[in-house]
Amino acid sequence: MSTYLVKRLTYMIIILFAASLLIFCLYAFTPGDFISGNLKLSPERKEELRQIYGLNKPVLERYAIWMKNAFHGNFGYSLAQQKPVLQLFNEYIWNSFLLAIVSTFFTWLISVIIGVIAAYKQYSLFDSLIMVIIFAAMSIPSFFIGLLLIKGFAVDLKWLPPGGMTTTGSNATGLAYVKEVIQHMALPVMVMTLLSLGSLTRYFRSNMIDVIKQDYIRTARAKGLKERKVLFTHALRNALLPAITLVGFELPGLFGGSLIIEKIFNWPGIGQLYMSSFSSRDYPLLMGFTMFIAILTVIGTLLSDLLYKLADPRVKL
Amino acid sequence: MASHLLDIEHLSTYFYTEEGTVKAVDDVSLQVRKGETVCIVGESGCGKSITAMSVMGLIQGPSGKVVSGKIDLEGTDLLKLNRNERRVIRGKEIGMIFQEPMSSLNPVLTIGQQIMEPLIEHLRMSKKEARKRAIELIEQVGISRAEQIANSYPHELSGGMLQRIMIAIAISCEPKLLIADEPTTALDVTIQAQILDILRNFREETGMSILLITHDLGVVAEMADYVIVMYSGKVVEEGEVTELFANPRHPYTQGLLKAKPILNQRQDELYSIPGQVPNPLDLTESCYFHDRCEHCLEICKVQAPELQELGTEQKVACWLYEKEATARV
């Protein structure tokens with residue numbers, strides 16, 4: 001087990017090193033930079049600024065500087081926002097994380113329940129109906145559902161606020177603040193849940209259908225166990241095992257933000273920041289964020305492997 | 001008869017598939033007395049397992065259905081019970097073991113947990129009592145280091161051990177009837193003998209009855225008191241084991257016995273019954289065995305023979321004995 005961990009951690013470092021090189025090169029070799037896009041600057045001033053930011057140095061040297069700073073926990077300074085990259089992450093990522101964690105929770109909860117019932121009653125009216133609804137939800141683009149919900153719940157019914165994270169001009173604190181954020185969260189979370197519900201439900205349904213046909217389910221029934229116990233103790237645990245792989249993939253998604261949803265609901269998340277950094281070619285922030293996602297992806301896969309070890313006695317590490 | 005533990009009468013179980021209706025079990029009657037071992041023999045697909053699953057109430061709808069008949073367990077017609085009453089009988093009054101021990105146990109639960117479940121469910125034992133009993137049961141089926149085995153997972157045990165565990169689960173609530181569906185088919189021969197020994201010992205100790213499903217005539221000879229031969233969903237012959245082996249009447253039974261290898265007797269080629277089992281989808285009114293039968297008569301092709309009693313405890317469904325049977329009446 002410990003030799004396995006050492007081995008995995010070594011691989012992780014190598015992978016991250018390769019990823020950093022790739023990420024750096026990608027941005028370094030893309031034509032144009034933060035300075036060239038600014039038409040107001042004279043060529044002399046541009047040259048001067050390049051000198052100041054070190055953009056005229058050879059690529060490898062710039063990479064070495066970036067890496068050296070990164071090892072010291074310094075991912076640079078956002079050119080557009082004039083703030084340290086990590087400080088910006090800290091300001092925006094948690095907002096995105098809040099949306100993602102809540103919608104992921106609901107997505108998993110609902111899709112496990114619906115998936116199990118649909119599998120148990122395969123080809124029944126319930127099953128067919130659910131599958132149709134799910135396909136419909138999967139096929140509609142997120143901006144459309146988003147706008148539809150804003151029209152319905154915010155504009156027509158006036159139940160929920162149409163966007164933002166808090167009411168404009170509000171300075172609520174404590175519980176009042178929490179309540180306000182929850183109200184603002186409701187719609188984006190609803191859209192995110194609706195969109196990811198489909199694939200996950202279908203995944204759990206098909207896993208469950210496979211498991212229900214197994215011999216050990218027949219044995220559990222032959223023992224005279226209650227159907228609820230057969231389904232949830234014997235079948236569900238086995239049906240959930242392959243989903244552990246997905247848990248690893250979810251990790252970067254939790255912090256990655258959602259571009260479209262954040263834009264539509266005017267949510268101050270990292271997705272919006274990332275998008276605006278693209279248009280201003282704010283490379284330090286873009287590189288820092290891409291690297292951050294790479295680190296989370298690698299950690300996610302390790303985490304899911306360790307979870308397998310916990311959940312499945314047949315897995316040996 | 002009062003001494004019958006299990007009395008199945010005119011049981012029919014059909015499967016409704018897209019290609020048509022499969023009469024997997026077609027008007028089957030059989031009885032199991034207290035303390036008796038009854039073997040059902042027949043080829044794959046003859047309906048022997050489906051008969052067992054019908055008794056257990058494990059036929060999975062909506063495609064499969066017990067369409068008619070009576071399954072009497074000590075005077076209670078199981079088919080008239082509701083789902084929950086049926087469930088309570090499973091595992092408590094009737095235990096069952098299956099063909100594939102390797103896949104019959106849940107891979108993510110420990111052996112101990114899986115033996116404890118029916119004890120907690122049916123006998124209302126506490127977890128502690130159930131665990132104690134589970135360890136005793138593991139010892140009873142001849143596995144040492146019971147404590148350690150109880151904490152291990154199915155993949156850590158061999159097939160023979162897993163089948164013993166399956167037996168331990170099946171007998172945990174001291175059922176009156178044990179259904180064993182090809183319990184030794186997936187195991188090698190030395191292990192087979194041990195498993196059969198365990199079953200026999202339990203029958204003697206507890207007086208339970210065994211309904212043993214097999215296609216292995218060696219197992220039948222070793223275990224059975226009474227034998228039922230099935231073919232294409234119907235009973236074609238039944239009788240006391242010694243009588244049936246000494247004096248098989250139905251051409252199919254004769255063929256089966258002829259096809260059995262005999263120890264120390266080298267044959268160039270083992271006898272096999274010519275032809276194939278008929279497709280269960282296109283069975284017509286006839287003796288289902290007629291196209292493979294050496295003694296096929298004209299009537300065999302158009303009408304199915306009824307099961308007739310032939311003297312002492314032997315019944316056969318074959319036109320060859322029709323005159324004999326009626327002459328006796």
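Using the three backbone atoms N, Cα and C, a Cβ is placed for every residue, glycine included.
The transmembrane segment feature in TrEMBL is assigned to A:9-29, A:92-117, A:129-150, A:185-204, A:239-265, A:285-308. Residues annotated as domain 'ABC transmembrane type-1' in TrEMBL: A:93-308.
When Cβ-Cβ distances under 8 Å to the transmembrane segment (A:129-150) are tallied for each of A:9-29, A:92-117, A:185-204, A:239-265, the top count falls to A:185-204. Nonlocal intrachain contacts for the transmembrane segment (A:239-265), taken as residues 6+ away from its ends with a CB within less than 8 angstroms of a stretch CB, comprise 92-93, 96-97, 99-101, 104, 112, 116, 119, 142-143, 146-147, 150, 162-164, 184, 187-188, 191-192, 200, 203-204, 207-208, 210-211, 271-275, 292-293, 296-297, 299-305, 307-308, 311-312. Here the transmembrane segment (A:9-29) has Cβ contacts under 8 Å with residues 59, 62-63, 66-67, 70, 283, 286-287, 290-291, 294-295, 298-299, 302 of the same chain, all six or more residues outside its ends. With a cut-off of 8 Å between Cβ atoms, the residues of this chain six or more beyond the transmembrane segment (A:285-308) that come close are 8, 12, 15-16, 19-20, 23-24, 27, 66, 70, 75-76, 78-81, 85-86, 88-89, 241, 244-252, 255-256, 270, 273-274, 277-278, 315, 317. Residues 126, 130, 165, 181, 185, 188-189, 192-193, 196-197, 200-205, 207-208, 231-232, 235-236, 239-240, 250, 253-258, 261-262, 267-273 of the same chain lie 6 or more positions beyond the ends of the transmembrane segment (A:92-117) yet place their CB under 8 Å from a CB of it.
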